[in-house]
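First the structure, in the form of structure tokens, and then the observations on it.
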Amino acid sequence: MDLVLEVADHYVLDDLYAKVLPASLAANIPVKWQKLLGLNSGFSNSTILQETLNSKNAVKECRRFYGQVPFLFDMSTTSFASLLPRSSILREFLSLWVIVTIFGLLLYLFTASLSYVFVFDKSIFNHPRYLKNQMAMEIKLAVSAIPWMSMLTVPWFVMELNGHSKLYMKIDYENHGVRKLIIEYFTFIFFTDCGVYLAHRWLHWPRVYRALHKPHHKWLVCTPFASHSFHPVDGFLQSISYHIYPLILPLHKVSYLILFTFVNFWTVMIHDGQYLSNNPAVNGTACHTVHHLYFNYNYGQFTTLWDRLGGSYRRPDDSLFDPKLRDAKETWDAQVKEVEHFIKEVEGDDNDRIYENDPNTKKNN
């Protein structure tokens, strides 16, 4: 995340912080608090320091602590002009919270919109368990949750910026560095798939489900906009393994950004209602549809491995992959019958869903 933050600092945030919180404000703050908070009291020799850091003799590689040495861009005088220097944990937290929130919202809305226009099976709107105003409710919950999920996530990024990770930038080509980099993609998927499975299964414990996970299961059949429609603590808990991985295992910094983007794409894809993959090893859209319909199956994120080992795997019905049967009344009636059984089992009488297309059960109390 230091790469993203340095780009933001160079093009926007250095100037913004220098204008909003100039170093001259330090004159009004006791020295004790300046040291405690890591504030910048202003450099009379900032030009000399800037020239030293930008010189050809400076080692231009990512340091253990962000903000000490430039990597992508040369520093300028504004890099030293704010009360909050680049290396300030307060500044790092605030900057990353804004960046992650904006990027998260844009990625969610952009990816889900593309999926809705080009991929999403809109016959789902006719399903008897599609809710009234469902898509608007999905978007509202996701947009309101993403800033809070970002706030919970940012401390992990701050840890990485301050040396508490095994993220790296330099590839050791002489010692099979490229091969190791490729292997990291597979180990990341393997590790995080297990982590999501464990977190997701815990979220289905009755008390935890009612407190945190129930909002996401309001959607019995999904649109792509359901992908990030979580209680913020729920969404954060399911993402923890993505942050634990680089703390304990090596991961290239660019791969880290690619994988985080991929995870968001994948999350949208498994909510798009297009059952393209019937691979028994892949936890695709069909498997996740089974999870939303029947609650107690297919907790994994990418593969079916952990569900098989944990005894929670349920193979999607063949009717999901047959265009003639998928939207047939008989198929939907069978789904509704089983769905109602699981709603009663998991939620009891606490069911406030109002359905769009089922006049007999518009509100199921």
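Positions of Cβ are set from backbone N, Cα and C atoms, glycine also.
Less than 8 angstroms from the CB of Lys324 (ubiquitin cross-link) sits no same-chain residue that is six or more residues away. Secondary structure at Lys324 (ubiquitin cross-link), as computed by DSSP, is helix. Residues or ranges marked as ubiquitin cross-link by Swiss-Prot: Lys324 (among others).
For Lys344 (ubiquitin cross-link), other Cβ atoms within 10 Å of its Cβ number 12. What Swiss-Prot lists as ubiquitin cross-link is Lys344 (among others).
For the domain 'Fatty acid hydroxylase' (187-311), the DSSP counts in helix, strand and coil order read 82 helix, 4 strand, 39 coil. The domain 'Fatty acid hydroxylase' annotation in Swiss-Prot covers 187-311.
Within its own chain, the motif 'Histidine box-1' (200-204) is flanked in space by residues 212-213, 234, 237-238, 295-296, 299-301, 310, 312, 346, which lie at least six positions past its ends and keep a Cβ under 8 Å from the stretch. What Swiss-Prot lists as motif 'Histidine box-1' is 200-204, and the listing cites similarity to another entry.
Per Swiss-Prot, the feature motif 'Histidine box-2' maps to 213-217; the stated evidence is similarity to another entry. For the motif 'Histidine box-2' (213-217), the list of distant contacts is 141, 203-204, 226, 229-231, 234, 292, 295, 346-347: same-chain residues at least six beyond its ends, Cβ to Cβ under 8 Å.
Residues or ranges marked as motif 'Histidine box-3' by Swiss-Prot on the basis of similarity to another entry: 288-292. Residues 217, 219-222, 270-271, 273, 275, 298-299, 314, 316-317, 320 of the same chain sit 6 or more residues outside the motif 'Histidine box-3' (288-292) yet have a Cβ under 8 Å from a Cβ within it.
Sequence annotations record features per position, and here Swiss-Prot assigns topological domain 'Cytoplasmic' to 1-92 (among others) based on sequence analysis.
Per Swiss-Prot, topological domain 'Lumenal' is recorded for 114-140 (among others), and the stated evidence type is sequence analysis. Mean per-residue pLDDT, taken over the topological domain 'Lumenal' (114-140), amounts to 95.
According to Swiss-Prot, the topological domain 'Cytoplasmic' annotation covers 162-242 (among others).
Residues or ranges marked as topological domain 'Lumenal' by Swiss-Prot: 264-365 (among others).
Long-range contacts of the transmembrane segment (93-113) within its own chain (CB-CB distance under 8 A, at least 6 residues past either end) are made by residues 1, 4-5, 8-9, 13, 142-143, 146-147, 149-151, 153-155, 157-158, 223-225, 227-228, 261, 264-265, 268. As annotated by Swiss-Prot, transmembrane segment applies to 93-113 (among others), with the evidence given as sequence analysis.
For 141-161 (among others), the entry in Swiss-Prot reads transmembrane segment, with the evidence type sequence analysis.
The feature transmembrane segment is assigned by Swiss-Prot to 243-263 (among others), with sequence analysis given as support.
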Same-chain residue ranges lying at least 6 outside the topological domain 'Lumenal' (114-140) that approach it to Cβ under 8 Å: 218-226, 229, 268-269, 272-274, 293, 326-327, 332-333, 335-336, 339, 353-358, 361-362
For Lys344 (ubiquitin cross-link): DSSP state (helix, strand, coil): helix
